[in-house]
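Enquirer: Copying in the features that TrEMBL gives for the protein in this structure:
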DOMAIN    15-74  domain 'Partial AB-hydrolase lipase'
ACT_SITE  151  active site, nucleophile
ACT_SITE  326  active site, charge relay system
ACT_SITE  357  active site, charge relay system
């Protein structure tokens, strides 16, 4: 369990880092329809100062599972700074349950744990993202924005537009980085085993009426990563650990990763149900809502069985960027996803065979390999 004091330390650390790098920072709070109060970090312009407001298009960055706004700004070459310097008004999400977003209009995440943590990435897509989109558009007096999601940030986007298709009209373009939704050909065999084990653990907990709320162990992982100093055995161990979830360590691209700094904020916090939900999708090969069991499904959805999210309702332009060494999905899964979405305008494999899940955020050459391609297609939709 991450304490309030640690949450505050992480938040203050990231605020100071953005300012120390020479960028302006605003912190905004957004209240969702179901009462969660989430923070957003805004970098309104780059180091060179603001440009004409008419040219400053808002872009919403949404992090993945066990991540946060920090992963877009931890390094000076981070995507948040890159987009700000490219002339965009950058808004970075902190979804419910992260160390940055622990508030609620009536629940205390520490005292009302069962109620507060009762969400998966469905609620993030259904409640958090639309609230953030509406807030950004209101503050900027715009009718549309750019959306850039990484991993779960893409999952949440697809949940939103398949569930509330009116939001298609509010998206100029979505750039989906490391898009996870289809796992039919996921190459990481441990992912399949992990998912089955997680579901077996959940069955065991259900049998004894034990409820896990916040995903355990994130503080321990952060402490572990902070030991990964350069040229140390611990760094080798840390990179080996990251390889299990991201793809075989891309040593040339990982050499600039400062794990002692990244480990202050990442791995970030999440709910147990977010992991369960992904495990259900991996096992069933169906991108669908959370399975509560037949009786509660009937109560919650009106039917005992679940139907897949209708991805054909996602009609906003979508550009998919994927890594060939990302073990969370297979290239065939990206092709399947592209075939289901209503308006895929680009499908781009990063031009480096060893590019993995974390490289989207921390690769040494992320700018020429990825970020330039993102802004190139965004320019076409301005």
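Using N, Cα and C of the backbone, Cβ positions are placed for all residues, glycine too.
Quantities reported herein were computed from a predicted structural model and do not represent experimental measurements.
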Enquirer: Work out how many Å separate residue 326 (active site, charge relay system) and residue 357 (active site, charge relay system) at their Cα atoms, rounded off.
Expert: 5
Enquirer: What are the non-local neighbours of the residue listed as 'active site, nucleophile', defined as same-chain residues 6+ apart in sequence with CB under 8 A from its CB?
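Expert: 63, 64, 65, 67, 177, 178, 179, 180, 328, 357, 360 - these are the non-local Cβ neighbours of the residue listed as 'active site, nucleophile', listed in sequence order.
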Enquirer: Reported in the order helix, strand, coil, what are the DSSP residue counts of the domain 'Partial AB-hydrolase lipase' (15-74)?
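Expert: Counts, helix then strand then coil: 13 helix, 19 strand, 28 coil.
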Enquirer: Helix, strand or coil at residue 357 (active site, charge relay system), per DSSP?
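Expert: The three-state answer is coil.
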Enquirer: Using a 10 Å radius around its CB, how many other CB atoms surround residue 357 (active site, charge relay system)?
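Expert: Other Cβ atoms found within 10 Å: 25.
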Enquirer: If I take every residue in the domain 'Partial AB-hydrolase lipase' (15-74) and average their pLDDT values, what number comes out?
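Expert: 94, rounded to a whole number.
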Enquirer: Counting across all protein chains present, how many other Cβ atoms fall within 10 Å of the Cβ of residue 326 (active site, charge relay system)?
Expert: 27
